[in-house]
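Accompanying notes for the structure given below.
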Amino acid sequence: MATLFIADLHLQTEEPAIVAGFLRFLAVEARQADALYILGDLFEAWIGDDDPNPLHREMAVAIKSLVDSGVPCFFIHGNRDFLIGKRFARESGMTLLPQEKVLDLYGRNVLIMHGDTLCTDDAGYQAFRAKVHNPWVQRLFLTLPLFIRRRIAARLRAGSKAANSSKSLDIMDVNAQTVVAEMEKHRVQWLIHGHTHRPAVHELSANGQPAFRVVLGAWHHEGSMVKVTPDNVELIAFPL
């Protein structure tokens, strides 16, 4: 009896080892789970469900196979794949969740999210996020031809990489006060998120009690997952 969480795989054809590792994960570890939650940035980029990238179809088939085996899969959008829509969700069998969700996991209330909304010290990113999450902006973008969307996405990624190279590590991490505020708003003692690529279990205080923030790692040379059972919450790194 276990529920699994992963995030920040950043799947792309240029990283076949990570793709292969994810396929093995779906076929082995995930098959034993009660449910799988993907907390954003499953893909390196997403320019629309109509993108004919063969990798997208391959991943949809693999996730659907997991779901058809009896393991439900849930998805929270990340900052790289926030345009994943109902079509891909239907093809993959995933259930799309809001950006914040509280789960009852074996009697333990747990708040889950991608994590980028916690990085409130990065004012530039938060301003950009507000723009691209505007429904009108998204609708307009999705009406553009695919080749134009690809160019825009490539420019945005290049700009983001350049901007991040000049930012301090602290600015790109979560804001401690924002974390506590979110946990107290939802009245939880556990928070699981990704985004920062800094896997760790942090102890803090929220709601006047001990609390825990569990941060998933990105998939690079190894995979990262959080395994929640009735008795424990584990952050686990594993070879790909």
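Backbone N, Cα and C atoms are what each Cβ position is placed from, and that goes for glycine too.
Features as listed in Swiss-Prot:
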type    : residues                                             : note
BINDING : Asp8, His10, Asp41, His197                           : Mn(2+) 1 binding site
BINDING : Asp41, Asn79, His114, His195                         : Mn(2+) 2 binding site
BINDING : Asn79, Arg80, Asp122, Ser160, Asn164, Lys167, His195 : substrate binding site
Length of the line joining the Cα atoms of His195 (Mn(2+) 2 binding site) and His10 (Mn(2+) 1 binding site), in Å: 11
Inter-residue C-alpha distance, His197 (Mn(2+) 1 binding site) and Asn164 (substrate binding site) (nearest angstrom): 14
Per-residue Cβ crowding (10 Å cut-off), top of binding-site residues Asp8, Asp122: Asp8
Shell list (Mn(2+) 1; ref centroid = CB of Asp8, His10, Asp41, His197; cutoff 8 A): Ala7, Leu9, Gly40, Gly78, Arg80, Gly194, His195, Ala218, Trp219
Beyond the site residues Asp41, Asn79, His114, His195: chain residues whose C-beta lies within 8 Å of the centroid, for Mn(2+) 2: Ala7, Asp8, Leu39, Gly40, His77, Gly78, Arg80, Gly115, Asp116, Gly194
Shortest C-alpha distance to His10 (Mn(2+) 1 binding site) - which of the binding-site residues Asn79, Arg80, Asp122, Ser160, Asn164: Arg80
Number of other Cβ atoms within 10 Å of the Cβ of Asn79 (Mn(2+) 2 binding site) across all protein chains: 20
Which of Arg80, His114, His195, His197, all binding-site residues, has a Cβ with the fewest other Cβ atoms inside 10 Å: His197
Residue from Asp8, Asp41, Asn79, His114 whose C-alpha is spatially nearest that of Ser160 (substrate binding site), among the binding-site residues: Asn79
Length of the line joining the Cα atoms of Arg80 (substrate binding site) and Asp41 (Mn(2+) 1 binding site), in Å: 5
Spatial separation of His114 (Mn(2+) 2 binding site) from Asp41 (Mn(2+) 1 binding site) - C-alpha basis, Å: 8
Cα-proximity to His114 (Mn(2+) 2 binding site), 10 Å cut-off, over binding-site residues Asp8, Asp122, Asn164: Asp8
Where Asn164 (substrate binding site) sits in the secondary structure, as DSSP reduces it to three classes: helix
Other CB atoms, at most 10 A from the CB of Asp41 (Mn(2+) 1 binding site): 29
